Each structure stands twice: as structure tokens, then as C-alpha cells.
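What TrEMBL says about this protein:
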- 6-201: domain 'CobB/CobQ-like glutamine amidotransferase' (DOMAIN)
- C95: active site, nucleophile (ACT_SITE)
- R130: substrate binding site (BINDING)
- H194: active site (ACT_SITE)
Amino acid sequence: MKYELRIAHLYGDLLNTYGDIGNILVLNYYAKQMDTQIKVKIVSLNDPFDPNDFDLVFFGGGQDYEQLIVSRDIQRKKKSLTDFINAGGPVLAICGGYQLLGKYYIGAKGEKIAGISALPHYTKSQVNHRFIGNIEIENEETGQKYHGFENHNGLTYLGPGERPLGRVLSGHGNNGADQSEGAIYKNTFCSYFHGPILARNGELAKRLLLIALKRRYPTADLKQPAELKIKPTY
Ligand code: GLN
């Protein structure tokens, strides 16, 4: 393989509901077609995160209990993760991971779970209710439609500098009220989609890989996403 990308799977041993790890399988599938070898490392409790050691970050979702444990540990990685994000490092964060990149999440029992405020959104909770089901959104820049499955208690409200990953066509999205789903901030992509998101939305997988490759190999003549097959065959 001509290129290599190093992926940090943040708290992959704690936050991995609904097979969020499948996103890494999908990244690997497209990476091979881009002549790229993927190396994955779980960065979990007590592990340092050095932004120079990674080209892409993946952060999955989970239950409130695990989120609380992660919330305490991630404060020590707050600066290095924020630096990675502000420098334009590509990040994919799903559900609980999405909530923890923001200011805070009020859990189902009313507990305040601190995020790292790398992104300006915040998340409140619903009383005895969750948003569960299939969801379809449209990304306004590309016109691409993304499909997935959502299952969350949290109601997320975007802040300055964030735009939604898409406009809700069917389903609930960030908060069930403003038609937004997920967030885009610099090269950080957040979503409530499990499924996992990249398995059904190959365009997004290719976009993330291309951002990572361009940052790591600025002068390389890379294959364009349109040249790559969409259907995963693993
Ligand atoms: N515990 C969070 C919520 O219910 C995140 C859930 C998830 O990651 N699926 O909103």
C-alpha cells in the first residue's frame, strides 16, 4: 500500500453501541481502494491522546453510565482533542461521542455529564422518552441523502459555527423541533446515526478518508471519490 492512515478509536472499549465499530470496517474497505493501509488504536481511559499520532478520530455512542465514566477521563484529553479538531483533523462522532464533544449532556436521570466544549452544542434530555427509528436526512452542500437509525434520549442544540450534517426528511434528528440532524464543524462530522452510519453512507466515508489523506500527503495525486465503488463487499 502506498499510503497509511492512523485512526484513534476513542473509548472503543466503552462506547460502541449498535456496532459503531462497523464504521472502521467501512473506512478500511474504502481505504484499500485508495491504496491506503489503516492502523487503528483504541485510545481509552488513562491513555494519552497526542494529535500528532493520528490522522483520523472515531468516537462512538453508548449508554449514560459509560458516558459518565468517559466524561471524567476525557477532560484530561480536552486540550489535545480540541487542538486536533481546530487544526482541521477529521473526526467522526456518533451519538454519545457527539454529545461529549459538546458542552454537556443531561442524562436520562437528570445528571449533568460534562463534555469537552470542543464544539459549541449542548444536549438536554427527554422525560421518559427516546427518539428511536429510521431516519433520512439531506446534506445541503452536496445534496447527498444519508440513511440511518437513531436511538437517543438526548436533545441536541447546535451552537455558533456549527451547521447540521443534514436537514431531516423523516425521523427526529437533533431535537425533534428544528429539522437539524448532526453537526459539521471544521472537519468534524457528528451524527445520531447508528447502523453504522458509514455502512449505508459510503460518500461520507470517502469524504473523511480524503480529508485525512490530503492532510497527511498534501502533494499526493489521490483517487477521487467518484472513482470508488459504493457498495461494500466485505
Ligand atoms: N446515552 C445517550 C442518549 O441516550 C447516547 C445514546 C447513544 O449513544 N445511542 O442520548
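Even glycines carry a Cβ here, placed using N, Cα and C.
Automatic prediction, not curation, is the source of TrEMBL annotations.
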Is it possible to get the count of other C-beta atoms within 10 angstroms of the C-beta of H194 (active site)?
21
In whole Å, how far is C95 (active site, nucleophile) from R130 (substrate binding site) when you measure between their Cα atoms?
13
What does DSSP call C95 (active site, nucleophile) in the simple three-state scheme?
coil
Among C95, R130, the one of these recorded positions whose Cβ has the fewest neighbouring Cβ atoms within 10 Å:
R130
Inter-residue C-alpha distance, the residue listed as 'active site' and C95 (active site, nucleophile) (nearest angstrom):
8
